[in-house]
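Swiss-Prot has this to say about the protein:
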- 35, 36, 37, 38, 39, 40, 41, 42: ATP binding site (BINDING)
- 1-196: domain 'ABC transporter' (DOMAIN)
């Protein structure tokens, strides 16, 4: 089964244990990660994405340790959006699609987020909210079944928040696993909550 398992996953900072997690996320799960600033929400997502090492414990996805998973096995969007600012919107989408071998998905991402009129714009010319939408369009382009989203709803208009939340629900309905950290209220009522101390 395509589940995500955290096995005694710990993060220790300055002799303080931020969390010690044993939890499994099943396909179609949407999970809000909640907690105060400094509780380890961003670090947890970075660990699952393979960007940061835990202090101890293991992470398994699709029954394989993430160190053994074929990369890229997830789509991670953090505070650093991963945009190539000197490239155009279209060039960024094409770049990601080539990494994930999914070039056929670019038109769907452009259409869903109404990016047609921005395709030739350099990303450094875009507002922070539009830059974020271009980054979020990667969710459609990359076609992975594991989404890790770190406060992606900030700086978005209500319309774009609705588009994002609808996309998350559609991904869950098709068997995806979505983890998102958020300081905002839980808009997706079917989601579960993982509370970090």
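Every residue gets a Cβ built from N, Cα and C, even glycine.
Highest Cβ count within 10 Å among the binding-site residues 35, 38, 40: 40.
In the predicted model, the domain 'ABC transporter' (1-196) shows an average pLDDT of 94.
Counting every protein chain shown, the Cβ of residue 36 (ATP binding site) has 10 other Cβ atoms within 10 Å. Take the mean position of the Cβ atoms of 35, 36, 37, 38, 39, 40, 41, 42, the recorded ATP site; other residues of that chain with a Cβ within 8 Å of it are 18, 43, 181, 196.
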